[in-house]
Amino acid sequence: MPGELWDKLKGSVEQELRIVLLGLDNAGKTTLLTRLASEDASTITPTQGFNVKSVHSHGFQLNVWDIGGQRGAMLLERCFT
Ligand SMILES: Nc1nc2c(ncn2[C@@H]2O[C@H](COP(=O)(O)OP(=O)(O)OP(=O)(O)O)[C@@H](O)[C@H]2O)c(=O)[nH]1
Ligand SMILES: [Mg+2]
């Protein structure tokens, strides 16, 4: 996310945010979260279930739920069948 957007968020939302990352499998959700945490994103495998990670970034504390696309889709399917 560009720096100006983080600046616009400051003062308009809480400093501690809860975020759920949703998207199709293989979309890049875990990569995004790993890069945000300044960790090595070269060995990421498909997320089974979900990850929760707390990241300090751009003056915010972000508590992020990273949901596995494939597993998430299976859970949704079960809800509707
Ligand atoms: N070219 C390109 N590849 C990316 C980018 N972000 C992630 N990838 C690649 O896309 C693949 C899937 O990335 P993940 O972060 O595992 O995707 P995900 O959405 O967490 O997938 P699930 O856990 O299965 O839901 C990996 O091989 C990444 O290296 C990007 O911005 N550009
Ligand atoms: Mg993932």
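Glycine too: its Cβ is placed from the backbone N, Cα and C atoms.
Pulled from TrEMBL, these are the features on record:
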type: BINDING; residues: GLY23, LEU24, ASP25, ASN26, ALA27, GLY28, LYS29, THR30, GLY69; note: GTP binding site
type: BINDING; residues: THR30, THR47; note: Mg(2+) binding site
Those binding-site residues in GLY23, ALA27, LYS29, THR30 whose CB falls under 6 A of ligand 2, listed in sequence order: LYS29, THR30
Could you state the whole-number distance in Å separating the C-alpha atoms of GLY69 (GTP binding site) and THR47 (Mg(2+) binding site)? 7
Suppose we draw a 10 Å sphere around the Cβ of GLY69 (GTP binding site). How many other Cβ atoms does it contain, all chains included? 18
Inside 10 Å of the Cβ of THR47 (Mg(2+) binding site), count up the other Cβ atoms and send me the figure. 19
Maximal Cα-Cα distance (Å) across residues annotated as binding GTP, namely GLY23, LEU24, ASP25, ASN26, ALA27, GLY28, LYS29, THR30, GLY69: 12
What number of additional C-beta atoms lies within 10 angstroms of the C-beta atom of THR30 (Mg(2+) binding site)? 21
I need the least crowded one of these binding-site residues (ASP25, LYS29), counting other C-beta atoms within 10 angstroms of each C-beta. ASP25
Just to be sure I understand the packing, how many Cβ atoms besides its own are within 10 Å of the Cβ of GLY23 (GTP binding site)? 13
